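For reference, the structure discussed in these notes is given below.
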Amino acid sequence: MDLFLPEMAEPSFYIGVIGNVISVLVFLSPVETFWKIVKRKSTEEYKSLPYICTLLGSSLWTYYGIVTPGEYLVSTVNGFGSLVEIIYVSLFLFYAPRHLKLNTIVVVALLNVFFPIAAIAATRSAFKDEKMRSQSMGFICAGLNIIMYGSPLSAMKTVVATKSVKYMPFWLSFFLFLNGAIWAVYASLQHDVFLLVPNGVGFVFGTIQLILYGIYRNAKPAGLSNGSSEIAEDEEEGLTSRAPLLS
């Protein structure tokens, strides 16, 4: 027990626990969207790709946390995230119109089945050393996260173009900012560059979102379409929420 207490008292452990709580809240942020889908029994104009991509990232980060010594907090939160995203994707498949089902199934098979299996198999066959396997998987995960940062960029562009924060909810932006900050600190304490780079980028984008919110929260909206539907508004929020997590 005496040997266990100092390890548990490491600052990175407490920071990681806080990061887990925040990440769980972000993973659960689309619950309202899917509750609407279930009530309407239709996916209507919602898109599945943000949730499919999040499932891909979460599953690979889970594996990274498992094979990397001392990163069990990464595997726990992303394991939870993977389960939540599987539920989201399954609900989308169940309620999607027939003409979208086949295309969605193909994308899910490629990104959520084939790609993770191929990535894990490739790293395991190419490298015999566990450290090299971990680093190669970390490189893949970090690269995917950085690519996926196109989502918040789109939301920020909308805010500037319309001079309105209507499509960038404050609390969602705040939690994404906080999530990036916490995991960037955790990565620094763990000396994990693969976690630090994407979450550092996430922190920067989160900061910019909050700055934009402060600038435009009382501004007079410009260029908003009178025909904007509730679905379109929900979709914009959904895309914002799909910004990469620690992931």
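Glycine residues also receive a Cβ, built from the backbone N, Cα and C atoms like all the rest.
Since we're looking at a predicted model, the values are computed, not measured.
Annotation comment: TrEMBL describes 227-247 as region 'Disordered'.
With a threshold of 8 Å between CB atoms, the same-chain residues lying at least 6 positions outside the transmembrane segment (12-28) that come near it are 73-74, 76-77, 80-81, 84-85, 172, 175-176, 178-179, 182-183, 185-186, 189-190, 241, 245-247. Residues or ranges marked as transmembrane segment by TrEMBL: 12-28 (among others).
Here TrEMBL flags 49-66 (among others) as transmembrane segment.
What TrEMBL records for 72-95 (among others) is transmembrane segment.
Taken from TrEMBL, the feature transmembrane segment applies to 102-123 (among others). Here the transmembrane segment (102-123) has long-range neighbours at 48-49, 52-53, 55-56, 59-60, 63, 89, 92-93, 96, 133, 136-137, 140, meaning same-chain residues at least 6 beyond its ends whose C-beta is under 8 angstroms from one of its own.
Positions annotated as transmembrane segment by TrEMBL: 135-155 (among others).
Taken from TrEMBL, the feature transmembrane segment applies to 167-187 (among others).
Annotation comment: TrEMBL describes 193-216 (among others) as transmembrane segment.
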